[in-house]
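Here the structure comes first, spelled out in structure tokens, and everything after it is commentary.
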Amino acid sequence: MDIDPYKEFGASVELLSFLPSDFFPSVRDLLDTASALYREALESPEHCSPHHTALRQAILCWGELMNLATWVGSNLEDPASRELVVSYVNVNMGLKIRQLLWFHISCLTFGRETVLEYLVSFGVWIRTPPAYRPPNAPILSTLPETTVVRRRGRSPRRRTPSPRRRRSQSPRRRRSQSRESQC
């Protein structure tokens, strides 16, 4: 079976493969980030979003993989064989988990459309010959939000209220929810 874990989110393994392996933070850093930003939603019995579900599954898979690695470390007596297994897990499985964690954390943090736009931008940048591309790669956190807003058919929000409107005495409600209640 050829299963692409990103397909339902509009991405693909191939799209993420444009990012170099050293682009992705360590699994420990990604787990710490997921915990710091989304612990409540991840531990909640409620369904929050497909990204939360995918994050839960990736975290559980990594935990089981670490249990297996511990077992192999304890039961495989040949040091060379043990080193081969550890190296394979870190290089191949570790990278896949790092990609999964990064993708879903980024989608929850920046929004799926922004992450997909970033992946496409980076893919175009990396495939463009160095002589014809800008010196710096695109950066996820600096992509303009207006692209996403315009794609939905809205004009960018004004910075100042219209003089005809009366200001409400109550604080204005934010459109996005706080990180604590990410569902």
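Cβ atoms here come from the backbone N, Cα and C positions, even for glycine.
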Of the ranges 44-50, 177-183, the one Swiss-Prot annotates as region 'RNA binding' is 177-183
Across the region '3 X 8 AA repeats of S-P-R-R-R-[PR]-S-Q' (155-177), what is the average pLDDT of the model, as a whole number?
51
